[in-house]
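According to Swiss-Prot, the feature active site, proton donor maps to 187. Taken from Swiss-Prot, the feature substrate binding site covers 173, 189, 190, 191, 343, 344, 345, 346, 347, 348, and the record attributes it to similarity to another entry. Annotation comment: Swiss-Prot describes 124-133, 325-360 as region 'Important for dimerization', evidence class similarity to another entry. According to Swiss-Prot, the feature site 'Important for dimerization' maps to 260. Marked as transit peptide by Swiss-Prot on the basis of sequence analysis: 1-67.
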């Protein structure tokens, strides 16, 4: 079966790829909002965008919306319009908070559009005082889904042969890599996907779903930090459905599994996809709540850990764990691998990768060490709250 992640043409890592759950659950073994404002260099002149693939057009200014005219004209209260508004506000809020935490560095911004409609905003901060590399991207994408992918995605009987299926997708995606090895990496992604009726089947019902998640990847375990992070995820989930947190926590543990290493990328959080079995308004509110929970879940941890002293050994361990991050993203992450195979916007696709990483031959931490404790937790997921 073909996942939608493998049929969507997306020019940005921020694109909301539809991801499947992990194929196998591994066996355990021992071992207040602020609006982001452009820096003075942006405010004085047009926003400059890097040249990328042919199907993208660099834009000098941020538009009010990336929606097509027909969508914009229909209603500003549509789910498409409100989701785009939500992710752009979330991008501004997160970027403002990250710049404040860094104390000096500012995001570089690229704005782009596509001839068929849609576009995106990529923001990256690197070599700051706190952040080695931080990327916060949003995108709105229109495209056409091949018939086989539509049948695979929605379970259309094999004797039906719908024509190409127009789709709409929007999302925010971010990966934040701090410099200090005691400060954890964070990833979050929230996305919305719609398909229109197949072109040869007018009147067929529109399909839609939500996906996303927020997960933490530390190099060293501070139990109070991990408990705080998971508590915020649970609070967001419990406002809507008490089964969400345990269900999405396990989904996260299973999805971010590095099969060739037999370990997970980090200490989890929440992850969900193909979510459409609840009221659409409820799920829009849920995705909004999750996005709004990113800063309160993460920034208090950064403030506590960003200035802790560390030594070369601890930095080297962080770089080894960053190597695991690279392995997962380049080998298993559907958004990244699809973008690389289809000629997407390379700078946006690889924004998730850390500025530096490390690989050592047959490295094994000493049993009982702090490094070993982290590895054990990545191999054997724990219930933190």
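The backbone N, Cα and C atoms fix where each Cβ goes, and this holds for glycine too.
What you see is a predicted model, and the numbers here were worked out from it, not measured in a lab.
Known features from Swiss-Prot, placed on the structure.
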residue : record                            : Cβ within 10 Å
173     : substrate binding site            : 28
187     : active site, proton donor         : 23
190     : substrate binding site            : 27
260     : site 'Important for dimerization' : 9
345     : substrate binding site            : 26
347     : substrate binding site            : 16
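Residue 260 (site 'Important for dimerization') has 187 as its nearest neighbour among the recorded positions 173, 187, 190, 345, 347, going by CA to CA distance. Counting only the Cα atoms, the space from residue 347 (substrate binding site) to residue 187 (active site, proton donor) is about 17 angstrom.
In the three-state DSSP scheme, residue 187 (active site, proton donor) is classed as strand.
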